[in-house]
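Note sheet for the following structure.
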């Protein structure tokens, strides 16, 4: 414009489009992804936006392939009323002057180029966090002109190259891998006076799962595995085993609180929260198993002392004369026995053997504290008797000195955790894959 002062035609009207069904071409180059705000569901981008259309009412001076018009000249010509649906804020970049240009080509094409920082609103769902893949659709359309007047289409622009000279297909952030894809299909927005054409840009945000595996999944899995070591500790060593389980449980609770605080909000339990809660339950069940073992040991010791008392009473009854014999019969009844190590061991008569068996039968009935309580309540038979007997056997099994319950727990707990891990990853990975495809083609 140094040598030519461009003049608009006298009959030019900036309020009328160049013609019916005018095609507006959109081109965009993403320079940088400045950040992703998960709490506000926003994405900030540095972009170069190019908008072009054919303006048959304007001509370039002869001998020139294009002319650069002043940026203020856009207020004198017709420009499309571009509306970005998910746009929150837009700021044109500037150093010495604003990064914006208006150019008219010899083929009567008007091109507007802008360098700007834009903030896009993106609806996000964090139920599958951190396996979630967020897909954001950005529509470029007109808010006034319908499809009969203006259509929007994508035009390929020169690709943006990084510092190393490689074309930027994706942008890697500390937590995300951001990919941009232009959707070439025709999209229609229905609002106002009719159908409005739109050009759609798809933004896909996939997380870097490696950090979450190292920071959350691996430590929580190790805590669960460490809790299984308590099954190898002698139950009588209460401080050592209790400290191991309680410390592991508190560590998992602290980890869950940290992850829940630092992760984005969701309407349901997030994927990682389900994992941490399950790991906490596994450690809690290991602690509960130890309580059962301690109760069984205490019950077993009480029963052992009771048996010793009854056996001493039985020995005393064996050595005592039969109660149904008079004094003369006791004197006349021979006492037989065999010497053992210089000590005479008496042998009871037939009457004494009967008394011994009768006493032994009474001893068996009174040998169990559970059965004794059952007899006092008058429910020594029927279903309640079988329930009490089963409970007694279970408690005695838990409190066995050879650690039978711990041995079984050392097998059952790892198998259950492996089964849970397989079900967890299979379910959530398939759900994430299904959600990604339904969003892409939905």
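Backbone N, Cα and C atoms are what each Cβ position is placed from, and that goes for glycine too.
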Given ranges 217-235, 312-330, 331-349, the stretch to which TrEMBL attaches the annotation transmembrane segment:
217-235
Quick test of your reading of TrEMBL: among 389-407, 408-426, where does it put transmembrane segment?
408-426
Matching 179-199, 242-262 to TrEMBL annotations, transmembrane segment lands on 242-262
Long-range CB partners for the transmembrane segment (242-262) (under 8 A, at least six residues beyond its ends), listed in sequence order, are 216, 219-220, 223-224, 226-227, 229-230, 233, 272-273, 276-277, 279-280, 283-284, 286-287, 290
